[in-house]
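Okay, so here's the structure we're looking at.
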Amino acid sequence: MNDFPWLTLIVIFPISAGSFLFFLPHRGNKVTKWYTLCVCSLELLLTTYTFCYHFQLDDPLIQLVEDSKWIFFFHFDWRLGIDGLSFGPILLTGFITTLATLAAWPVTRDSRLFHFMMLAMYSGQIGSFSSQDLLLFFMMWELELIPVYLLLSMWGGKKRLYSATKFILYTAGSSIFLLIGVLGIGLYGSNEPTFNFEISAHRSYPAALEIIFYIGFLIAFAVKSPIIPLHTWLPDTHGEAHYSTCMLLAGILLKMGAYGLVRINMELLPHAHSIFAPYLIIVGAIQIVYAASTSLGQRNLKKRIAYSSVSHMGFIIIGIGSITDAGLSGALLQIISHGFIGAALFFLAGTSYDRIRLGFFDEMGGMAVAIPKIFTMFSILSMASLALPGMSGFVAELIVFFGIITSQKFLLMPKILITFVMAIGMILTPIYSLSMLRQMFYGYRLFNAPNPSFFDSGPRELFVSISILLPVIGMGIYPDFLLSLSVDKVELIVSQFFYR
């Protein structure tokens with residue numbers, strides 16, 4: 001047990017501090033923005049301090065545990081803790097949310113509500129990654145849906161209500177399966193309900209019941225990840241959302257689904273996961289090729305990037321299904337890597353849209369001359385997206401490749417076939433990425449600037465782009481730092497649940 005409730009402070013600080021936004025002057029947009037930025041920065045510093053001075057990297061067990069009775073009638077406990085699995089996603093959440101606050105600087109309409117929604121979403125995401133209680137995990141999972149819906153429906157494009165409704169129908173519908181699974185595990189085999197992750201992980205269930213639980217959780221996490229065919233909400237959502245919201249969606253929200261697959265499906269339901277792992281790998285391989293092919297046919301810039309996100313999530317699914325140390329480590333690295341790259345691409349797409357007010361490729365062209373700084377950053381981060389050596393995506397995908405090849409759960413021919421399909425997807429990735437760059441930045445200039453103040457990237461936008469680029473290069477050159485955070489936990493999961 002930890003004496004000071006560091007994690008509780010980290011979880012409740014953003015939404016608590018955000019509530020004071022409504023006491024700020026209604027017309028003071030600058031005050032609102034600076035206040036939100038200070039809250040996010042302070043939260044990130046607090047998280048970094050807590051992890052640096054109170055977290056032991058060589059301990060695979062849950063640390064900084066906080067366990068308090070909350071609602072006695074429902075046996076609902078406030079139970080928080082972190083380990084190697086949640087360390088990276090929590091830091092990613094803080095980093096991307098802080099930069100998304102900077103990206104949202106042009107937003108002026110209902111500024112206080114907009115920034116409060118971002119901070120509420122921040123608390124929900126940190127709470128999901130640090131929960132050690134199934135019911136608390138579900139509550140935090142639902143908490144961040146409401147801000148996302150409002151951010152979509154109030155600050156989106158022309159079809160924002162359609163995309164927001166589609167988002168909430170998919171996610172709220174899948175949450176029913178999540179709730180059924182949570183209640184099923186919590187109420188099974190005991191006079192007193194227990195939702196403790198640690199206790200649930202050491203329970204055994206009848207095979208049929210474990211499979212039912214697994215399917216329920218899989219549906220919930222497949223929508224959020226997303227896994228085909230439950231991905232269709234994502235392109236519409238990204239196509240209509242403000243690009244700061246897209247940064248949060250691509251950088252953090254999708255990663256919550258992958259985190260749930262590891263934390264609950266792998267750790268709590270290992271026998272069912274052994275049964276479903278081959279199907280996950282097949283779906284992951286199909287998803288890589290399908291989404292990459294579909295991305296190539298998209299005329300809308302943000303929808304093309306959205307489908308590229310779906311394609312890259314396929315590597316995470318394959319890594320989770322491989323049931324190897326290397327595969328799972330590669331999946332966790334890809335979660336962090338794509339969190340940065342996806343957020344950066346949506347940010348740069350949004351800054352381009354701010355200048356020309358065009359979102360379709362057939363209306364663009366020749367932008368490299370007008371905005372050379374944005375062109376340079378877009379080119380570098382597109383290279384990171386297509387897994388250029390020296391970038392984080394290359395290392396993550398290579399480790400996933402190694403994980404599937406060395407897996408003892410599958411025969412040689414299926415592994416060769418899966419590897420071949422993955423290779424096809426990796427060939428398609430540079431095709432749609434380079435095509436995107438060509439259509440946007442090369443050729444004849446097909447557009448007219450909507451106003452005479454058309455200018456290149458400013459200091460704020462350069463700062464956001466470079467702040468994301470540096471970790472991408474850092475992870476590509478020295479991935480061992482990030483891998484070392486989760487290596488002990490990964491070995492514990494794989495050895496304890498699959499080779500015992």
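Quick reminder: no glycine exception, Cβ is built from N, Cα and C everywhere.
Keep in mind that what you see is a predicted model, and the values were worked out from it rather than measured.
Taken from Swiss-Prot, the feature transmembrane segment applies to 4-24 (among others), supported by sequence analysis.
Residues or ranges marked as transmembrane segment by Swiss-Prot: 35-55 (among others). Beyond its flanks by at least six residues, the transmembrane segment (35-55) meets 2, 6-7, 9-10, 13-14, 17-18, 20-21, 24, 63-64, 82, 87, 90-91, 94-95, 97-98, 101-102, 115, 118-119, 122, 126 of its own chain at Cβ-Cβ distances under 8 Å.
Residues or ranges marked as transmembrane segment by Swiss-Prot: 87-107 (among others).
Annotation source Swiss-Prot lists transmembrane segment at 134-154 (among others).
If you look up Swiss-Prot, you'll see 167-187 (among others) marked as transmembrane segment. Long-range neighbours of the transmembrane segment (167-187) within the same chain, counting only residues 6 or more positions beyond its ends whose Cβ lies under 8 Å from a Cβ of the stretch, are 75, 134-135, 137-138, 141-142, 145, 148-149, 152, 193-195, 200, 203, 209, 212-213, 215-217, 219-220, 222-224, 230, 232-233, 236-237, 264, 268.
Proximity of distant same-chain residues to the transmembrane segment (208-228), defined by a Cβ-Cβ separation under 8 Å and at least 6 residues beyond the stretch ends, is recorded for 170-171, 173-175, 177-178, 180-181, 184-185, 188, 234, 253-254, 256-258, 260-261, 264-265, 269, 271-273, 275-276, 283-284, 286-287, 290-291, 310, 313, 316-317. Swiss-Prot lists 208-228 (among others) with the feature transmembrane segment, giving sequence analysis as the kind of evidence.
Annotation comment: Swiss-Prot describes 242-262 (among others) as transmembrane segment.
Cβ atoms under 8 Å from those of the transmembrane segment (272-292) belong to residues 207, 210-211, 213-214, 218, 227-228, 231, 265-266, 307-308, 310-318, 320-323, 404, 409-410, 414, 418, 421-422, 424-426, 428-429, 431-432, 497-498 of the same chain, restricted to positions at least 6 beyond its ends. Under the heading transmembrane segment, Swiss-Prot lists 272-292 (among others), citing sequence analysis as support.
What Swiss-Prot records for 305-325 (among others) is transmembrane segment.
Annotated transmembrane segment per Swiss-Prot: 364-384 (among others), in sequence order. The list of residues near the transmembrane segment (364-384) in space but at least 6 beyond its ends in sequence, with Cβ under 8 angstroms from a Cβ of it, reads 301, 341, 344-345, 348, 351-352, 355-356, 358, 391-393, 433-434, 436-437, 439-447, 449, 454, 456-457, 461-462, 465-466, 468-469, 472, 476.
Long-range contacts of the transmembrane segment (416-436) within the same chain: residues 281-282, 285-286, 288-289, 292-293, 295-296, 301, 304-305, 308, 311, 314-315, 318, 361, 382-383, 385-387, 397, 401, 404-405, 410, each at least 6 residues beyond the stretch ends and with a Cβ under 8 Å from a Cβ of the stretch. The annotation transmembrane segment is assigned in Swiss-Prot to 416-436 (among others).
As annotated by Swiss-Prot, transmembrane segment applies to 462-482 (among others). Residues 88, 95, 99, 102-103, 333, 336-337, 340-341, 343-344, 347-348, 373, 377, 380-381, 384, 389-396, 399 of the same chain lie 6+ residues outside the transmembrane segment (462-482) yet bring a C-beta within less than 8 angstroms of a C-beta in it.
The stretch from 4-24, 87-107, 242-262, 305-325 with the most CB pairs below 8 A to the transmembrane segment (134-154) is 242-262. Listed as Cβ neighbours of the transmembrane segment (242-262) (distance under 8 Å, sequence separation of 6 or more from its ends, same chain) are residues 85-86, 89, 92-93, 96-97, 99-101, 103-104, 107, 118, 121, 125, 128-129, 141, 144, 148, 151-152, 155-156, 217-218, 220-227, 234, 302, 305-306, 309, 313, 316-317, 320, 328, 331-332, 335, 338-340, 342-343, 345-347, 349-351, 353, 493.
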